[in-house]
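J.: My questions all concern the structure below.
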Amino acid sequence: MQLSIQAIIGFVVAAGLAVASELPSPMTVNLERRKMLVTKNDTVDFKAVRKQANALNYKYDKLLRNFRKNTGRDHPLLHLLLDLIDKRDGKGDVDLDDIGEGQLWAGDVQFGQSKFKIDFDTGSADTLVNPFVYFPHRSKSSRKTHHTFSTAYGDGTTASGFIYTDDLKIGGYKAKDVAIGLSVTKFINDEDNQGIAGMSFPAVQSFPKKFDPFFVALVKQKVVPEPVFQFTLKRGSGSTLHLGGIDNSRFQGELSYVDVNPEDGFWISEGKVNGKKIDACIDTGSSIIFGPIDEVREVITKMDGVTPFTAGGALHGAFDCSKPPKLDFEFAGQKFNLGENQVSFGKYQGQCVLSIMGQKNLPMNAWVVGDSFLQTASVVFDMGKNRMGFAPSSN
C-alpha cells in the first residue's frame, strides 16, 4: 500500500512531537540573486526576457506532462501542450548554454563531497546539476540508480542524465539518499550557479516516485522540526530561504494563509491583481510576472499612464518612470503594493517597463508570479498543512 505525501508528513509530524526536544532548530540559507533581465545601464534586455519566457513555457509544459504521467489525468489548469521534440533515448548534441539565464535565487548545498551553489525553485520538483559539478566517484555514500531523467527547455531540446542518490547537507541539515540528477550537458550558463533544486510537490516531478524532492526527503527523515520553508526575497542583499520553521523577524504583522492542493503539484492560489481575480503559481524561478495575454491586457489597459506595447511576441506596458502606476496583488485577503523598485524591471526608450507581461499560448491557465511580487512579501510554504502564508516583508 502506498501512502500519500500528506499522510507520510502527518505521520512524521505526529511522531516527531514525542522527540521534539531532539530535533534541530530551523535553519536559514542565505540566497544570492544571479542575473537580471537588464543591461548595465538598466535597459531591458528583451532577448533575455524572451529566453526566460520560452524556458518557463517549456518548463511548465514538461511539468504538466509529468503530472499526466504521475497521475493519469490532465492538470485542471492545463491550457495546451507545446510541440516538444521528444528524444526518448537521451542521446544527441544538446546546446543549452542559453537556457535558464541564471534568473533564480542561489544558495549553498553539498551532495557527498561536492559543494556548489544551486537555485531554489518553487516551480519545479527535481534537483538537477550541470556536468562536472557533482562528482559521485568522490563520495562513499553515492549510489547510481540506473534511472535516467530528461527535461525539455526553450529551444525544443532536452537535457538528460542519470539519477544518483547521496547524502545532502543544506543549512546545517543532513539527509541520506537524496536524489540528484547529473546532466550530461550544461543547462545553466552561470559560473557561480550550477543547478536547480525543485521545491514543488511530487505530482509534477520528472524523477520516478521513489525519489522524493529534497525537502520532502528532509521531512520524511525527520531532519527538519516542521514541514515548512519560507522565502524572503529582497532587492540587493538579505534574501533568505528558511527551512524547518517560520522566522517571524522576516515579516510585518501576521501571516494570512490560503489553502493549496498538493495533488495539483504546484504552489497555486487564487488571488487578485489590481482587483482582477486570477489563479497564481508562486514561482521563485521567475524574475518577473507572466500571465495569459488577454488577462494581462485587461489589467494594463485599466492602469493610468501605462501604454501597452509588444516586444518579442509578448505584451508589455510602459510608463513615465517619475509616475509609477498602482499595481497590487492580493492573497488571502491581504494586499501587497508593488513599490517603485518592483513595479518596473527596467527601462525602454526612456520609459519604465511594467513588471507584468502577457503571453499567448501559455501551457497553464494561470499567472506565474515571480520576483517582482516576491520582493514585497515573505511567503511561507507549509507542506504539513497544505497552505501558503503571506505577509509584508520587514524592512
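Any Cβ shown, glycine's included, is placed from N, Cα and C.
The following feature annotations were taken from Swiss-Prot:
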SIGNAL    1-20  signal peptide
CARBOHYD  Asn41  N-linked glycosylation site
DOMAIN    105-391  domain 'Peptidase A1'
ACT_SITE  Asp121  active site
ACT_SITE  Asp283  active site
DISULFID  Cys321-Cys352  disulfide bond
J.: I'd like to know which of these active-site residues, Asp121, Asp283, is least surrounded, judged by other CB atoms within 10 A.
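T.: Across Asp121, Asp283, these active-site residues, the one with fewest Cβ atoms within 10 Å is Asp121.
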J.: Using Asp283 (active site) as the reference point, find which of the recorded positions Asn41, Asp121, Cys321, Cys352 has the shortest Cα-to-Cα distance to it.
T.: Asp121
J.: For the C-alpha pair, I'd like the distance in angstrom between Asp121 (active site) and Cys352 (disulfide bond), rounded off.
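T.: Here the two Cα atoms lie 27 Å apart.
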J.: What three-state secondary structure does DSSP assign to Asp283 (active site)?
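T.: For Asp283 (active site) - judged by DSSP and reduced to three states - the answer is coil.
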J.: At the level of the C-alpha atoms, what whole-angstrom distance separates Cys321 (disulfide bond) and the residue listed as 'N-linked glycosylation site'?
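T.: Pair distance, Cα basis, whole Å: 15 Å.
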J.: Distance check, please: Cα of the residue listed as 'N-linked glycosylation site' against Cα of Cys352 (disulfide bond), rounded to an integer number of angstrom.
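T.: Computed Cα spacing between the residue listed as 'N-linked glycosylation site' and Cys352 (disulfide bond) is 13 Å.
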J.: On the 0 to 100 pLDDT scale, where does the domain 'Peptidase A1' (105-391) sit on average?
T.: 92
J.: Using DSSP, would you call Cys321 (disulfide bond) helix, strand or coil?
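T.: Looking at the DSSP assignment, Cys321 (disulfide bond) belongs to neither helix nor strand, so coil.
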J.: Count the other Cβ atoms sitting within 10 Å of the Cβ of Cys321 (disulfide bond), across every protein chain shown.
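T.: Result for Cys321 (disulfide bond): 15 neighbouring Cβ atoms inside 10 Å.
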J.: Might you list, by sequence position, any residue in that chain lying six or more from Cys352 (disulfide bond) with a Cβ less than 8 Å away from its Cβ?
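T.: Same-chain residues close to Cys352 (disulfide bond) (Cβ under 8 Å, separated by 6 or more) are Ala318, Phe319, Asp320, Cys321, Pro324, Val343, Ser344, Gly346.
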J.: Looking only at Cβ atoms, how many others are within 10 Å of the one on Asn41 (N-linked glycosylation site)?
T.: 7
J.: Which three-state DSSP class does the residue listed as 'N-linked glycosylation site' fall into?
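T.: The residue in question, the residue listed as 'N-linked glycosylation site', is coil (DSSP, three-state).
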